[in-house]
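Heads up, the thing below is written out as structure tokens.
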Amino acid sequence: MREILHIQGGQCGNQIGSKFWEVVCDEHGIDPTGRYVGTSDLQLERVNVYYNEASCGRFVPRAVLMDLEPGTMDSVRTGPYGQIFRPDNFVFGQSGAGNNWAKGHYTEGAELIDSVLDVVRKEAENCDCLQGFQVCHSLGGGTGSGMGTLLISKIREEYPDRMMLTFSVFPSPKVSDTVVEPYNATLSVHQLVENADECMVLDNEALYDICFRTLKLTTPSFGDLNHLISATMSGVTCCLRFPGQLNSDLRKLAVNLIPFPRLHFFMVGFAPLTSRGSQMYRSLTVPELTQQMWDSKNMMCAADPRHGRYLTASAMFRGKMSTKEVDEQMINVQNKNSSYFVEWIPNNVKSSVCDIAPRGLSMASTFIGNSTSIQEMFRRVSEQFTAMFRRKAFLHWYTGEGMDEMEFTEAESNMNDLVAEYQQYQDATADEEEELYEDEDDADLQE
């Protein structure tokens with residue numbers, strides 16, 4: 001049944017990924033040794049989306065873990081769920097990519113990629129009907145961005161008709177880990193535009209803000225941020241893993257969210273977000289969830305949806321609720337805020353309802369939006385890129401690994417084209433669209 005193969009790369013990807021497996025194991029009632037300790041048959045019904053059942057009745061995640069240095073892998077292995085993974089699926093080098101995209105994509109990463117692909121192939125052959133791949137990585141470093149995009153393009157070659165979903169952590173506007181982030185991110189986006197089907201865009205600053213403002217955590221750790229991400233990741237695929245009244249899968253999601261093939265970078269949000277202390281005092285309603293999930297403060301990337309318009313959006317609800325109420329709320333949102341939706345795509349919000357809520361909540365919702373305001377992120381990275389590239393700063397680290405300046409120029413213009421496309425559809429009105437069609441019709445007639 002519709003399996004998803006999970007791949008995590010680099011330090012960031014491995015940390016998010018291991019948090020994600022903690023959440024999914026908890027939802028399916030699987031303990032750190034891979035044994036089922038749950039109470040409900042529903043947990044086992046479609047457990048095989050993310051797990052392989054071994055002969056001894058243990059469940060092994062369909063996960064591939066890769067990195068160019070052993071450090072993060074060791075901490076995953078010694079972490080709470082470290083023993084659940086298949087030992088052969090840890091693939092790591094020794095040298096590290098040193099935040100250098102070229103090392104991850106062309107030199108160090110290229111040497112390791114074949115052994116990663118062998119593991120991916122093995123896992124894919126174990127699947128009954130593979131639905132697609134989900135990749136966790138960051139775009140600012142060297143391994144997740146360079147080697148991550150290399151792996152995505154190789155998988156694309158070998159499995160062209162399978163969905164490719166990525167959870168990509170973009171460099172944040174104010175929090176920077178490395179100076180060369182804009183280079184690494186731009187080179188990665190250049191690849192993701194061509195080779196990924198759906199990219200969920202995350203960034204640390206927006207996640208910090210959520211922890212700080214909404215969850216009232218005074219000193220949020222990466223663990224807290226990753227917990228937010230993993231709640232969203234689990235929400236995106238809950239329809240595949242649990243029975244629901246309105247199902248959605250990765251492909252349905254893509255068909256409903258991507259009006260133009262290049263514009264597949266989504267904002268994600270999750271509700272309810274309440275600070276840990278006040279959680280028990282709230283009873284949730286569908287209108288409350290809806291209000292929170294459409295709130296710009298809830299978005300996990302630093303772009304404000306009020307500065308653009310939604311091309312499409314998807315709302316995934318979990319818990320016991322009436323679908324009628326969900327539909328009413330969605331229509332309500334569109335009617336009240338019609339200026340924030342493009343008018344040339346009618347009914348552009350897809351909703352799905354899954355019956356099983358996450359642990360500790362009566363209902364929850366995951367939001368995925370394709371908004372033109374995401375161009376703010378690309379624009380910001382692009383400006384930083386141009387500032388450095390104009391001076392050819394730090395370029396020798398990349399050319400030294402065999403890269404050509406031409407590649408940088410191409411990546412830069414691809415990113416700028418993407419921004420221009422988002423802007424074009426933000427400004428488009430229904431009348432203009434009609435004019436375009438009429439022009440095309442005239443052209444047909446003249447032929």
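Quick reminder: no glycine exception, Cβ is built from N, Cα and C everywhere.
What Swiss-Prot annotates here:
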type	residues	note
BINDING	GLN11, GLU69, SER138, GLY142, THR143, GLY144, ASN204, ASN226	GTP binding site
BINDING	GLU69	Mg(2+) binding site
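Per-site Cβ counts within 10 Å over the binding-site residues GLY142, GLY144 peak at GLY144.
Pairwise Cα distances among GLN11, GLU69, SER138, GLY142, THR143, GLY144, ASN204, ASN226, which the record gives as the binders of GTP, peak at 23 Å. Here the binding-site residues are THR143, ASN204, and the one with the most other Cβ atoms within 10 Å of its Cβ is THR143.
Long-range Cβ proximity for GLN11 (GTP binding site), meaning a same-chain Cβ under 8 A and a gap of 6 or more residues, is found for ASP67, GLY71, THR72, SER138, GLY141, THR143, GLY144. Most other Cβ atoms within 10 A: among the binding-site residues SER138, ASN226, that distinction falls to SER138. Counting Cβ atoms from all protein chains shown, GLU69 (GTP binding site) has 19 others lying within 10 Å of its own Cβ. Under the three-state DSSP scheme, ASN204 (GTP binding site) falls in the helix class.
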